[in-house]
Amino acid sequence: MEDYLQGCRAALQESRPLHVVLGNEACDLDSTVSALALAFYLAKTTEAEEVFVPVLNIKRSELPLRGDIVFFLQKVHIPESILIFRDEIDLHALYQAGQLTLILVDHHILSKSDTALEEAVAEVLDHRPIEPKHCPPCHVSVELVGSCATLVTERILQGAPEILDRQTAALLHGTIILDCVNMDLKIGKATPKDSKYVEKLEALFPDLPKRNDIFDSLQKAKFDVSGLTTEQMLRKDQKTIYRQGVKVAISAIYMDLEAFLQRSNLLADLHAFCQAHSYDVLVAMTIFFNTHNEPVRQLAIFCPHVALQTTICEVLERSHSPPLKLTPASSTHPNLHAYLQGNTQVSRKKLLPLLQEALSAYFDSMKIPSGQPETADVSREQVDKELDRASNSLISGLSQDEEDPPLPPTPMNSLVDECPLDQGLPKLSAEAVFEKCSQISLSQSTTASLSKK
């Protein structure tokens with residue numbers, strides 16, 4: 001694999017047609033390994049004059065945000081320097097020159113910025129339900145399994161098992177295990193095909209790491225934020241909502257809030273992050289397990305606009321549907337309110353509707369019609385000043401006894417919050433894995449308590 005990837009970088013220097021195997025924009029471990037392994041297979045089994053190049057669909061600078069990928073590449077001795085990232089190859093220029101053929105792996109819909117490349121797509125290999133209206137008119141291979149790496153493994157072992165080396169096998173093996181949550185039947189992510197090909201890889205390469213060991217190490221690396229800057233931590237697992245000119249970032253942070261608040265230059269970093277990305281509010285939701293292996297969630301609301309911050313805190317504190325059970329935590333930082341979240345079952349997905357409601361309350365208090373677009377003749381600065389002037393009337397307009405009506409949830413990949421059969425087998429985000437483990441932990445504690453009685 002390593003020698004092949006070295007050759008791919010050399011091929012970029014030549015003016016010749018390329019077959020680009022492109023992973024999805026999330027660029028998680030499954031997408032990355034599937035692109036690398038599929039391109040490797042195609043290169044080894046296709047006529048010599050055709051060049052197959054795997055491309056990671058992110059900028060190189062974003063790789064440190066994906067700790068599991070960085071860790072795994074180091075473990076199997078593949079240098080990051082020989083990988084090809086999206087900002088290192090001009091796909092649109094290649095297409096215009098008639099030198100691009102695309103193979104999409106772990107997705108089947110091009111991003112809006114890449115829709116012009118649709119005619120270049122020759123093949124799709126994915127493991128999620130097809131959206132026919134958006135799928136390119138090409139050969140499409142889709143099967144609802146837990147990991148796309150399973151489908152790549154199947155193709156290699158059925159088509160050319162002799163090309164599979166230990167390095168590639170280790171990448172595929174670890175990826176399937178991480179994606180399928182260590183093949184845990186309680187989680188329900190792994191399918192019989194996932195299990196079948198993990199077993200086949202283990203039979204071919206008996207010295208592969210034990211499942212528990214590779215899962216634990218990859219999971220630890222995925223959640224590890226110790227080497228990240230504050231901005232990288234905030235961007236690692238982030239969602240954004242936007243309403244009437246106000247942008248709110250919601251970041252999942254996998255460490256104790258107290259430790260996060262003690263980071264040097266934190267306040268300056270938060271200000272810089274919000275300013276750089278035009279965020280009016282930053283909500284940090286910390287997630288970790290304590291020494292008793294119990295889930296802990298905490299919240300921090302950072303917002304320079306006093307009225308807006310107050311409204312958000314009011315709505316979250318008095319929420320009954322769902323109840324967050326917030327307890328104020330100490331914070332010496334101005335513009336930042338911190339809380340311990342007593343109800344650990346409220347995930348970020350369930351928090352999003354409450355934030356939407358808080359924005360509605362904010363605008364309603366100023367008599368701004370819901371859904372009214374920003375006026376072209378009023379500057380953003382003028383709007384911000386008017387919002388701040390309305391702070392007094394805002395607080396008096398909120399009823400402490402009024403129950404917050406739940407809004408339709410923002411769609412997210414979560415095996416816990418939605419039926420896994422609704423949209424096929426979903427990707428498990430770090431948030432979803434934490435949530436599922438929390439429920440299992442809570443269930444086990446309840447069962448143990450009842451048995452004692």
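Glycine residues also receive a Cβ, built from the backbone N, Cα and C atoms like all the rest.
Per Swiss-Prot, Mn(2+) 2 is bound by Asp30, Asp179; the candidate from Asp106, Asp256, Asp269 named for the same site is Asp106. For the ranges 365-392, 393-420, the feature annotated in Swiss-Prot as region 'Essential for homodimerization' maps to 393-420. Looking only at the region 'Essential for homodimerization' (393-420), the predicted model's pLDDT averages out at 30.
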